[in-house]
Amino acid sequence: MIKVFLLMVLTAIISAWITPIVKKIAIKFGAIDVPDDDRRIHKKPIPRMGGVAIYIAFILGVIINKEQFSMDDLGLILGASVIVLGGVIDDIRELRPKYKLIFQVIAAIILVAFGLRVNFVTNPLYIGEDYINLGFIGIPLTIIWVIGITNAFNLIDGLDGLAAGVGIISSLTLMIVSFINGRVDAVFLTAILAGSIMGFLPYNFNPASIFMGDTGSQLLGFLLAAISINGAIKSATALVIAVPLLALGLPIYDTLFAVIRRKASGKPIMQGDNGHLHHRLLALGLSQKQAVIIIYLINAILGGIAIIAMQLSNKKSYFLLATVVIIITFIAWKVGLLKEDKNN
């Protein structure tokens, strides 16, 4: 565990050192976030593309940690590189959603092609075998999972430090889960990712001097989606579905509620709105920092529940997941996450 801690510290230092350099490059290439609509909280132009610093620190951390790369490692690095390429272009030129999706699909296919996919899942029906062999269907399910989490992190990146903090908490949660499962590779990868984000967070926390941009938010979602496939596997083969759905629960549920809200109001799913959790908290009169800290706490609670679920039987873990989903949905309904805010 000492090596894990040292890698986390090292990547944090690398990220913190590189971020000011990336900020200058972002300004030079015009990767600036200008507050030109009512959904943006900041009041002045701020450089984005900070995810490049996280990416560089992560890649260097992986290289330092590895003497020999596995196929999974290569797939993760190549896929992440495709995501970053698309993110950088988007941060500079603002890509249309369909072009963003193309980069995400390519990155997800690379993961699958290099062998990182879900082949078995724990059986939620408790009838027959404990595990279900997904066969070919595991390929599209893996691609959908990766693209879904990638976009979920992109959507929650609406306040200073929000996506970064959620990324750190989710990484640490998956690190503990991976340790419990004996998934050593996933332990190191999550530690490296957590450190890479930690070094960036001081520049991104309110008041932010740089945003991670689509480069960063999509990168975090992609990496966490990929690592969760490996880290939440126990008994050598089967994915415990409840664990990633809890560990990455906050961006997942916020995105699902956004889809429901927009469909119910007749709006396009890809059209932004002011109905996300962080918008609702701000509408209650909370400051950016207060809203972000509350969301951190929610994410940490979900992470703690994920760790508990990892140590339960399949039946109990699914029951726990169902209970959490019901509670979250009820709270979302009460605070208005499932309907459009008529005041906006």
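Yeah, the Cβs are placed from backbone N, Cα and C, and that goes for glycine too.
Where the annotation comes from TrEMBL, it is an automatic prediction and has not been curated.
When other Cβ atoms within 10 Å of the Cβ of Asn154 (Mg(2+) binding site) are tallied across all protein chains shown, the result is 24. Asn154 (Mg(2+) binding site) falls within a helical segment according to DSSP. As annotated by TrEMBL, Mg(2+) binding site applies to Asn154, Asp214.
Sequence annotations record features per position, and here TrEMBL assigns transmembrane segment to 6-26 (among others). Remote same-chain residues near the transmembrane segment (6-26) are listed as 32, 47-50, 52-54, 56-58, 60-61, 64-65, 91, 188, 191-192, 194-200, 202-203, 209-210, 213 (criterion: CB distance under 8 Å, separation of at least six residues from the stretch ends).
Feature annotation from TrEMBL assigns transmembrane segment to 46-64 (among others).
The transmembrane segment annotation in TrEMBL covers 70-89 (among others). Non-local neighbours of the transmembrane segment (70-89) in the same chain are 31, 49, 51-52, 55, 58-59, 62, 95, 99-100, 102-104, 106-108, 110-116, 150, 185, 189, 213-219, 222-223, 226-227, 230; each lies 6+ residues outside the stretch with a CB under 8 Å from one of its CB atoms.
TrEMBL lists 101-120 (among others) with the feature transmembrane segment.
Feature annotation from TrEMBL assigns transmembrane segment to 132-154 (among others). Away from its own ends, the transmembrane segment (132-154) comes close to residues 83, 101, 104-105, 107-109, 111-112, 116-123, 163, 166-167, 214, 217-218, 220-222, 224-226, 228-229, 248, 251-252, 254-255 of its chain (Cβ-Cβ under 8 Å, at least six residues beyond either end).
What TrEMBL lists as transmembrane segment is 161-180 (among others). Beyond its flanks by at least six residues, the transmembrane segment (161-180) meets 4, 153, 186-187, 190-191, 193-194, 197-198, 200-201, 204-206, 208, 212, 216-217, 220, 224, 227-228, 230-232, 243-244, 247-248, 250-251, 278, 292, 295-296, 299-300, 303-304, 306-307, 310-311 of its own chain at Cβ-Cβ distances under 8 Å.
According to TrEMBL, the feature transmembrane segment maps to 186-205 (among others).
Here TrEMBL flags 239-260 (among others) as transmembrane segment.
Sequence-distant contacts of the transmembrane segment (291-312), counting only residues of its own chain at least 6 positions beyond either end whose CB sits under 8 Å from a CB of the stretch, comprise 159-162, 165-166, 169-170, 172-173, 176-177, 180-181, 205-206, 232, 234, 240, 242-244, 246-247, 249-250, 277-278, 281-282, 320-321, 324. The transmembrane segment annotation in TrEMBL covers 291-312 (among others).
The feature transmembrane segment is assigned by TrEMBL to 318-338 (among others). When Cβ-Cβ distances below 8 Å are used as the criterion, the transmembrane segment (318-338) is approached by residues 124, 241-242, 245-246, 249, 253-254, 257, 260-261, 264, 275-277, 280, 302, 305, 308-309, 312 of the same chain, each at least six residues removed from its ends.
Highest Cβ contact count with the transmembrane segment (186-205) among the listed stretches 46-64, 101-120, 239-260 falls to 46-64 (criterion: pairs under 8 Å). The list of residues near the transmembrane segment (239-260) in space but at least 6 beyond its ends in sequence, with Cβ under 8 angstroms from a Cβ of it, reads 118, 120-122, 124, 148-149, 151-153, 155-156, 166, 170, 173-174, 177, 221, 224-225, 228-229, 232-233, 269, 273, 275-277, 295, 298-299, 302-303, 305-306, 309-310, 314, 317-318, 320-321, 324-325, 328, 332, 337-338.
Same-chain neighbours of the transmembrane segment (46-64): 7, 10-12, 14-15, 18-19, 21-23, 25-27, 29, 31-33, 73, 76-77, 80-81, 84, 87-88, 91-92, 189, 192-193, 195-197, 199-200, 203-204, 208-220, 223, counting only residues six or more beyond its ends whose CB sits under 8 Å from a CB of the stretch. Sequence-distant neighbours of Asp214 (Mg(2+) binding site) (same chain, six or more apart, CB under 8 Å from its CB) are Arg48, Gly51, Gly86, Gly87, Asp90, Asp91, Lys100, Asn154, listed in sequence order.
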